[in-house]
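Participant: Would you mind keeping the following structure in view while I ask a few things?
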Amino acid sequence: MHASKARIWASCAEVARTTRCRSQPSIRHAVSRRLSTQSSDGPLRAWAAHSGRSLVTRIYNPIPQHRLSFYPIRHYCSHLQDLIMATPTKTENPDQYRLSTDVKPLHYDVVIKTDLEALTFSGFVKTSFDVVRDTSTITLNSAQLNLGKVTVYSDALKSEQIPTGQDFDTVQERATFNLSTALPAGSKGEIKIAFSGELTGSMVGYYKSSWEDEGKTRNYALTQFEPTAARRAFPCWDEPLLKATFGITMISRAETTNLSNMPAISEEVIEVNTNVSEEIRELASGSEGKWKVTKFENTPPMSTYIVAVANGEFKFLETSVKMPLSGKTIPLRIYTTPEVIHQAQFALDVKAAALPLYEKIFNVEYPLPKLDTLVAHDFDAGAMENWGLITGRTSVFLLDPERADQASKKRVATVQSHEVAHMWFGNITTMEWWNYLYLNEGFATLMGEVIIPVSLSASPLLHYNPPLLRIFPEWRVDSEFISDHLNRALALDAKLSSHPVEVDCPDANHINQIFDALSYSKAASVLRMLSNYVGEERFLKGVSLYLKKKLFANSKTHDLWEGIGSATGLDIPDLMENWITKIGFPVLTVTEEANGIRVRQDRFLESGPAEPKDNETIWQDRRFCTEAVDATVVLGPNIPLFILSAQAGGEYSVDKTAILQQRDQVYPIDTSKNYKLNANTVGVYRVLYTPERLVKIAEEAGKKDSIFGVNDRVGLVHDYLALSKAGLAKLSSALTVVDKLRNDTEFLVWDGIGENLGGLISIWWEHPEIVDQLNAFRRSLFTPIVDRLGYEFNESDSRDVKLLRKLAITQAAGAKESKVIDELKSRFAHLVQTGDDSKIPSDIMSVTFSIGVKYGGVEEYEAALRAHDKPKTPMQKIAAMTALGNTQDPELLKRTFDSISTKARDQDIMYYFAGLAGNFKSRRLLTSYFRDHYQELYKRFEANFSMQYLVKYSMDFLSTKEDLETTEAFFKDKDTSKYIQSLNQTLDTIRAKSAYIERSTEDLREWLKEWENRK
C-alpha cells in the first residue's frame, strides 16, 4: 500500500507541475481527479477519493490569498508528497461514530414523570425534524432506557406509521427505526417515543442523589448529560452540532419542586377536573398520592448536553440583577436541600456579580429569563453549565458563612464564575464536536478565573470595578493562575502520552478522557498568552465578534481566530496553530553571545531531552519562498518571548515584539545587566539559562526590591524543578534557586516552593535518608514563618497572610516539625474530648485532622469518622476523608480501605484514594487494593469520570522499573479503552520518576550534604 501511495504521489505531482493556473480550485480539481482514478485496488481508490479533496485545501488554506502567487509549485509538490505519504490508508465509514444527517431535529417536547419513591422515571418525547435526504430509517441515540411505543408522522405523506423494526447498537448507543414508507427529502416529520428508566446512583443521565433528614435517607433526582448522557434520560440526537429547541414538561409528586432550563409557565396538581392531556393523565395514574404537572417555557436552540431537569424537596435563596445591555431584570436562585441552604449565599452573590459583567464585556445579551443553580450531594464532576440551571457538588458551591476558609471562598467564586462564563462559551456558541472542547473549557477557565475577576478593573471597557474585585480586592488570580493552571498544564503536556488541545476524538465513548488539564488549563494558558500578546482589550473585542457571529450556532477553531484576527489585524491562525493542534510545548535554551542572546527551541519532555522523532514540531511561523529570489516571506510570529531587559536609560521594560520564528535566533540585548525571558510568566514554555546566568537571576530574584515580580519568581521555581526532572538542569541548581528565595515574603512564591519540595519528597519516598534531609531543608524554610505568623487567623489579616500561615503550618507539619505537630495534636485533642472544633481554624482544618489521625490512635480515628458521617461543612467532610487515609495503624488502615466499598459515596472515592496515596505507609497497599478490586471498581465507575482518576491515584507515585513492568503486565489483558489516556500518562509518570531518581540521586545527596554543612 505504501508503494502504491508513492506512485500516486508521483502522478499527482506531475499534474501539479503541469497545471498552469495556480488557483487553489483548479489545482485541487486536477489533483482530486487524478487521485480518484489511480488504482484498481478498492481500499486504495477509496482512500484516494476520500483524501484527495482535502489535500490541496490542507496546503493552501493557511496561505493568505494575496500570497498565493508567491507559492512555488515545487513547494506544493513537496507538501503534497508529505501529506499523501502521511495520510492513513484505512477508510472508516463516517457514520461509524456520528449520527446520520438524513434527518435533523428541530424541536423536542419532552414529558417526564419522576417517582422518587419507586426510583423510576417514565415519559415520552415528540421530536419534530426536517428530512434532508430520502430515508426509510431514523437513527438516534438511546442508552439504558426501556423504549415503548414508537410512531412516525410525515407531513408529506399525511400519515402516521409504526416502525416495522428496531435495531440497537449498544456500543455506539443508538436506536434505528425502520419504516415501511420512506420519508421524502424536503419534508417535515415527527417521531414520538415512549420511554422509562431507573433512577440509579450512577451520576450520569437522570439519576438519584440523597441526603440525611432527621435520620432518614431522602432522595431527589437531577441530570448530568455532558458529554453523552442525555440519551440516558430520553431518546435524542445526542451530538452538540444537532441543536434544537426544547419544551420540557415534568410530572412529579405534588410536594416536590421541579426545575429545568427555563422558567415554569404553569404548574397545577392533577385532579379529576384538571385540564391535562390523556397522555399526561395516564402517566400520573397508577401511583399513590397527589401528582402535579409543571410546564416550562421553550428554550432557544441548544445542544442536548446542556438540557437539565431536577425534582426534589428543595429550598432556595434568591436575588435579581439588572442586565447592562438589555435592561432586563433577571431573577437568580440557588437551590439545595433544607439542611445546607444557609451555606449557599456566597455562591449566589458571586453569580449576581458575574452575570451582568459578562454581558457587558462580551457585548452579547444573556438570552434566558433566569439563571438558577442546584447544589447536589452526589455529583461526578465539579459543576455543570446547564443553560439556565447550573448544577454542581456541595464542595464547590457551599461554605460556612461564619467560618469560611480562603480556599473554599476561592473555589466557590471561581467555579461559579466559570460556569456562568459557559452561558456564553458553550451554550450560546457551542463547539461543533468534542475535539473543540477547549473552546468551551479553555475560555471558561480563563474568563471565569482570571480576566473577569481582576484584570479588567482598569480596562476602558468598564467604568467601574468588577464586583468580584470589589468583594475581594486582594485576590491576585492572574498570579495564582501560574500554579493552578499553567504549571499543571505543562506538567501533563510534558509527557509523551499528552494530546493536542484540539484533539481528534471521533468516538463518543472516549470523550470523558479529554476533560483534563490540557482541554482546560493548557487551553486557558495559550489563550492567556495570546491575550497578553495582542492586548487584552483587542482580545476581548475579538471574542465578542466571535460570539456575535455564532449566536445560537456551532463553532470551530478558525471561527475564534477569525474574530480575534478581525479585532487585531493579525494573522491569528499563523500565530496559534501549533499551540492548538500539536502535542507538547517548547523549552527555550538561552545562551549568550557577544551582542546578545541566542534562543533555541526544542520540545520539552519530563523524561529527558527529546529524541529527534519527538522533536519535529517547531513552534514557528509558516514560511514561504518566491520562485524568483527564493526569499523568505514571514507571515506571522509564533513564540512571543516577552524579554525583560535593561534599556539605554537603565530602566527595565518588556519587549513584546521579540518573536522566535525558527529553531534558533539571536536577539540583541545588554547581557551585562540582568534580563529574563517570559516576563510575568505568560508564555506557555519553560526557559533554560546557562548555570552562570541562573545564579545571577536567582540572586536578583532574592532581593527585596527585585526587578523580577511575583509572577517571575513563581515561574522560575516551577521551571527549574521541572527542568531538573527532565535532566536539562541539575537538581542542585534548582534547590539553590529555592534557597536564594528563603527571604521572600510573597505567599505565591512560597506556595510554588512548597509544592515542588513536596513533589521531590514524594518522588524519593522510598529513600528514607533523603526524605529526612529534604524535610530538614523544608523545616528550615517554613518553621520560621510559623514562628512569625503563629496559628491564629484574625479578621484583620490580609488574604495573603492567611494563606501563607496555612501553607507554612502545613509544610512544617509535613516536614515533621515537632512543635508544630504538638500544637496541631493539641487542637485536635480538644475536638476528640469535647466535640468542639472551635480551636481548629477552618484554614488549617485539613492539616489538623490529618496530623491528629496520623499521630493518634483509635480515639482520634473515630473522631474523624464522626466528622465524616455528620460534617458541618463540605470542607470538614473532605478533611475527614483524607485524614482517614493518613493513619499509621495497619488495622485502622484496613478500616479505611473497607470504607471505600461500604461508606464512600461514589463522588467522594477520590478523596479516600488521595488520602491513602499521600501516606507512605499505605501507598503500596493502595496499589494492591486497586488491583485486587479492579473488577468491582471498573463496574462501579466505568460510565463516569472517576475511573481515570483512580488509575492515577493508585499508581502514579510508583517510581521503579520493576513497578513499571508490573503495572504494564497488570493492564495487559484489561479493556483499558475508557481510561487509556490516564493509564498512558501514569506509565509515563513512573518512567520519568524512575529516570529522575537514577539521574539525580547523587547530585541531590551532595547538595543536601553541602547545605547541612552551611547551616
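Every residue number used here counts from 1 along the chain in the order it is shown.
Cβ from N, Cα, C; glycine included.
Annotations in TrEMBL come from automatic prediction, not curation.
So TrEMBL lists the following for this protein:
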- GLU419: active site, proton acceptor (ACT_SITE)
- HIS418, HIS422, GLU441: Zn(2+) binding site (BINDING)
- 104-306: domain 'Aminopeptidase N-like N-terminal' (DOMAIN)
- 346-579: domain 'Peptidase M1 membrane alanine aminopeptidase' (DOMAIN)
- 675-992: domain 'ERAP1-like C-terminal' (DOMAIN)
- TYR520: site 'Transition state stabilizer' (SITE)
Participant: Checking your reading of the structure: which of the recorded positions HIS418, GLU419, HIS422 lie inside a 10 Å Cα sphere centred on TYR520 (site 'Transition state stabilizer')?
Facilitator: none
Participant: Under 8 Å Cβ-Cβ from HIS422 (Zn(2+) binding site), six or more apart in the same chain: what's there?
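Facilitator: When sequence neighbours closer than 6 are ignored, HIS422 (Zn(2+) binding site) has GLU385, ASN440, ALA444 within Cβ distance under 8 Å.
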Participant: Tell me the Cβ contacts of GLU441 (Zn(2+) binding site) under 8 Å, same chain only and six or more apart in sequence, or just say none.
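Facilitator: Sequence-distant Cβ neighbours: PHE515, SER519, TYR520, ALA523, ALA524.
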Participant: Around the Zn(2+) site (HIS418, HIS422, GLU441), what further same-chain residues have their C-beta within 8 angstroms of the site's C-beta centre?
Facilitator: GLU385, GLU419, ALA421, PHE425, GLY426, ASN440, PHE443, ALA444, THR445, GLY448, TYR520
Participant: Long-range same-chain neighbours of GLU419 (active site, proton acceptor), Cβ under 8 Å, sequence gap at least 6?
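Facilitator: THR373, ALA383, MET384, GLU385, ILE390, GLY392, ALA444, GLY448 - these are the non-local Cβ neighbours of GLU419 (active site, proton acceptor), listed in sequence order.
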Participant: Non-local Cβ contacts of HIS418 (Zn(2+) binding site) (under 8 Å, 6 or more apart, same chain)?
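Facilitator: HIS418 (Zn(2+) binding site) has long-range Cβ partners ALA383, ALA444, THR445, GLY448, GLU449.
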Participant: How many neighbouring Cβ atoms, not counting its own, are there within 10 Å of the Cβ of TYR520 (site 'Transition state stabilizer')?
Facilitator: 25
Participant: Check the domain 'Aminopeptidase N-like N-terminal' (104-306) for me and report the mean pLDDT.
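Facilitator: In the predicted model, the domain 'Aminopeptidase N-like N-terminal' (104-306) has a mean pLDDT of 96.
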